[in-house]
């Protein structure tokens, strides 16, 4: 018995030593925080982005001779949770850079913390301008809502729409931002009375029959309905059920498999803007990404995975050029990112920390996402 | 002023379509509210897990049809049985041990059961939305002039009325029903009179959960996105419907469901600019009812004995 005890103790002491030794080696590791919604309403988007980051980490596991360790944190699609999760990544896990989040509201919730703790964050698919505005520590890999809203307004006008209705998810900063910029751009193109209705719904709503019945009576040429993919799919389903035939236009959140599985045949023919399509994937990094993604996950990569992959590359590129693990120096290097070759093209960050790059327009055809157009920045 | 303008601007067809939408939503609320109110009527306890039982039933249907390819009519029977069992298990685990505890403890246990189910579903089925299986027979569209009605929207009110009648029959005309009423009046005395109150309470939960399963199937066909938090809003809304009608009163729950469903649709129909405040409508009605008629429209005025 006592022999057992002694040996157990010895093992304890030995492993204890191992532990401290490992701590000493920690300087050979550089920690990057992954800040994504892995449960809750936005879990599908978060999951796709996590795939992109993990793949990038697998293909680029080292920087400055140190191993990159991902610290994955779930912000639970919840604004209040997001703030405390970001604080935990910085204070407890001592990460040097944060990647994420999917969802502008969630990123904004972390904005103040990254700013005051001086740890740079790179947004993956948070497209609201507020995320990086007045925040020197927040950057992003995706284009922003004014651009996305303007692209869709131009697309609608080009395809003959002269009066449009907007249905926005009013509790979602992303959807409200997109709708506002769409409205401004469309009024500029088609005249002051061209936006005939702006209807609102809340995140989590299931029944849209009332707002759709109102809109049906107005008979718009097209309906712009940016929002979360589950609600959007149900919305379009109910619109078709009520006999509305006008095309639906949306934003990049629609590019998830669930949008098609919930919406079924009713979401065929919608149009939305997004950041990436393999037909437009021309860089060497994109080819590597496509091959490895198919091998690893047995499916077609979405724009979300591509953007998350690029966010990781921007971080690695920044650390490399800073030649330091000091968060402030890394931040300064990221701010001067220029022509960084990623999956979604070459990324150059402007003075706000937003990338300058083009948008792809896609539709759903035969249950699959399909490329229809490309809009470059002017 | 705005109201009359809304009325004048609206064509007859739009108004009829709004009414169809409202009745469809209202009968769905009514169906789920019956289960809520029944448990309250007999146990004087609000089963906050009711909405989450609805959610679990949706997942059962998903697994039955989409994963195991069981025909939908067999699956639906299976879903009702499985959900009834789930209700009995929840009662056994979360409420029976607290039979003689203060009411507040049971209420907190109900909230705990609700969170447990939500997080369990999140863990088991992931947070990614799944599509409720499509049943073309029930999801097809029927056009009456320019008014579009989904077949399920015609089925729901019928099911709601049948459930109401069956339930009223059980409660008022069967021996089990008599025992349920006795337990509701005073369970100590009921126990003394030789009623096995544990069995009666289990029975109440089984019936309540079976109703939740029927509601879930209807809900899923009408709104086919399933997530672990699917039950939260319907749970709250149907609770409000039950309170409006007079909690504990089965007919009241149906009335409350229709008032809430029609109200939510018509407020958007007449005041389109209020479309983002639809949920607020339900809660404002709740506050007004609690202020002016706390026992609800059909509820009896009772005074607590000291």
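Here the Cβ of each residue, glycine as well, is placed from N, Cα and C on the backbone.
Noted in TrEMBL for the protein shown:
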type	residues	note
TRANSMEM	B:26-46	transmembrane segment
TRANSMEM	B:53-70	transmembrane segment
TRANSMEM	B:76-94	transmembrane segment
TRANSMEM	B:106-125	transmembrane segment
TRANSMEM	B:145-171	transmembrane segment
TRANSMEM	B:200-221	transmembrane segment
TRANSMEM	B:227-247	transmembrane segment
TRANSMEM	B:254-274	transmembrane segment
TRANSMEM	B:280-299	transmembrane segment
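Of the candidate ranges B:26-46, B:53-70, B:76-94, B:200-221, B:26-46 has the most C-beta pairs within less than 8 angstroms of the transmembrane segment (B:254-274). The transmembrane segment (B:53-70) and the transmembrane segment (B:280-299) are not in contact, since fewer than 3 Cβ pairs between them lie under 8 Å (pairs 6 or more apart in sequence). Stretch with the largest number of CB pairs closer than 8 A to the transmembrane segment (B:106-125), among B:26-46, B:76-94, B:145-171, B:200-221, B:227-247: B:227-247.
If you look at the transmembrane segment (B:227-247), the same-chain residues 6 or more away from its ends with a CB under 8 A from one of its CBs are 29-30, 32-33, 36-37, 40-41, 46, 48, 50-56, 58, 114, 117-119, 121-122, 125, 127, 129-130, 215, 219, 253-257, 259-260, 279, 282-283, 285-286, 289-290, 295-300.
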